[in-house]
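The domain 'Major facilitator superfamily (MFS) profile' feature in TrEMBL is assigned to 14-504. Look at TrEMBL and you will find 53-73, 80-99, 139-160, 166-188, 200-220, 232-254, 275-295, 301-321, 333-351, 371-389, 401-420, 481-499 tagged as transmembrane segment.
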Amino acid sequence: MPVKTLSPAALIILTLALGLGTFIQVLDSSIANVSISHIAGDLAVSPNQGTWVITSFAISNGIVLAITGWLAARFGRVRLFIWSTSLFSITSWLCGLAWDLNVLILFRTLQGASAGALIPLSQALLLTNYPEEKKGVALGFWSMIVIVAPILGPIVGGYITDNYGWPWIFYINIPIGFLSAWMTGLLIQDPPHEGKSKVPLDLTGLLLLTIGISSLQVFLDKGQELDWLNSLTIRVLIVTCVIAFTIFIPWNYYAKHPVMNFSYFRHRNFTIGTILGAIGFLMFFGSAVLLPLWLETEMGYTAFWAGFAVMPIGIIPLFLSSTIGKSVSRFDPRIMTTFSFISFGLTFFWFSELTPSVSLFKLMLPRFFQGIGLSFFFIPLVTISLSPIPNHELAGASGIFNFIRLIAGGGFGTALYVTLWDRREIFHHSRLTEATTIYDPLTWEFYENLKQSLSLSQPESNLILEDLLSAQSYLLAVNDVFWLTGWVFLACIPLIWLCKKNTTNKTQQVAMD
């Protein structure tokens with residue numbers, strides 16, 4: 001419970017303060033993605049080496065996210081939020097000053113660690129300080145932040161990098177982070193009983209979790225580059241990951257003070273909701289990476305315009321989130337989640353009909369309507385997941401929910417979608433190559449037209465044909481992946497109805513990302 005009741009004006013300022021802290025964390029998780037080539041060039045390393053800037057952040061972020069419940073109990077939620085936001089600003093400044101890749105990776109690791117607790121803490125504080133009848137509004141505002149920030153990341157990152165240089169993608173966090181910490185400290189404090197826990201941290205469990213997460217994240221990030229199981233490095237990482245988690249799960253289950261509280265999974269809604277959230281985030285973030293990747297590599301889009309093409313998905317949630325937050329206690333969230341999954345399924349089927357001549361408008365239109373599904377995805381699903389969790393355990397439960405979401409979306413999603421895309425491209429390229437022989441009338445006509453119109457030789461015509469086949473193969477592959485995504489969303493709908501119907505109003509006290 002809050003120490004004091006805040007006035008409406010103070011609530012607005014607190015919402016802004018906590019929202020800013022969350023916004024820069026979510027924004028920073030994606031803003032560096034489009035700047036990797038610039039960072040690699042300035043630091044004289046390859047783009048593949050530059051991706052460690054992303055990997056290091058994800059690993060440390062996931063580890064701290066998993067122990068957010070323990071940190072909050074030990075130090076207090078308000079105090080921990082202020083420290084985390086301040087450290088995030090300081091490490092952002094250090095990232096901008098980095099003079100070589102190893103130093104940047106070190107500072108990005110520290111930045112990811114300082115940001116790990118921000119997401120569950122900021123929402124837990126937001127909802128704790130809101131009156132019961134206004135919690136839906138807070139939840140709606142929250143969903144708007146976490147929807148818009150990752151969409152703006154590539155656009156903002158591309159613009160800043162092109163016009164001011166990559167260090168400024170980190171420098172912009174400094175004033176925002178300190179402002180968030182300062183305003184939060186002025187408005188709220190930890191209750192006297194909070195932050196007094198003397199429960200020790202299970203260092204063995206934390207070590208096993210760190211090894212498991214690190215090996216899993218590196219395996220997912222580098223698997224495609226190293227050709228998966230054909231690489232000894234990847235095989236070693238897989239074995240290490242399996243061993244670490246095989247030991248960690250029983251160790252954590254029987255530990256007196258576990259790193260992650262598995263008892264939350266005794267609640268059917270939390271278990272099913274977390275599974276659905278993991279699958280949904282996997283497909284959402286995987287497709288969000290794949291579409292701009294295809295646009296940049298095959299359609300000639302710049303990073304800014306690729307980000308602009310995917311941006312419309314955030315328009316509808318911008319206006320609907322608050323309304324849905326108010327309505328989630330009056331309607332069955334299972335119906336709302338079902339509507340979300342149906343909307344996602346249908347719009348991904350729409351996306352599976354892309355053509356080589358697709359215009360920017362025709363790319364943006366289905367993304368715009370995907371915003372309907374996104375609007376009904378976050379709030380109802382998290383309401384289902386965390387509704388049975390007591391108030392004092394929200395930070396820990398939210399930490400586990402977000403930890404699994406982070407691994408599924410940021411790790412598995414990106415790796416799975418890029419791998420599926422490449423594998424389907426190989427399949428389609430093989431089929432198209434088999435069909436384009438000199439004995440095929442259409443192929444022969446193509447060669448003759450090139451010879452007559454451009455006076456090209458046979459080898460030059462072959463190169464043009466190969467480029468066309470490659471572009472068409474990648475297009476068919478991306479259509480396949482989106483078509484499959486649509487069916488997976490629809491196939492998940494029966495799982496939603498295995499959850500219990502919510503019968504209390506406390507579902508609006510949940511925390512989510």
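Glycine too: its Cβ is placed from the backbone N, Cα and C atoms.
Nobody curates TrEMBL annotations by hand; they come from automatic prediction.
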Among the ranges 166-188, 232-254, 275-295, the one whose Cβ pairs under 8 Å to the transmembrane segment (200-220) are most numerous: 232-254
Cβ-based contact of the transmembrane segment (275-295) with the transmembrane segment (53-73), 3 or more pairs under 8 Å: no
Positions on the same chain near the transmembrane segment (481-499), where near means CB under 8 A and six or more residues out: 268-269, 272-273, 275-276, 279-280, 283, 286-287, 290, 334, 337-338, 341-342, 344-349, 351-352, 354, 384, 417, 420-421, 424
Annotated stretches the transmembrane segment (80-99) and the transmembrane segment (166-188) touching (3 or more Cβ pairs under 8 Å): yes
Close approaches to the transmembrane segment (232-254) from elsewhere in its chain (Cβ under 8 angstroms; 6 or more beyond its ends): 202, 204-205, 208-209, 211-212, 215-216, 218-219, 222-223, 226, 260, 262
In contact by Cβ distance (the transmembrane segment (166-188), the transmembrane segment (401-420); 3 or more pairs under 8 Å): no
Mean of pLDDT values spanning the domain 'Major facilitator superfamily (MFS) profile' (14-504): 87
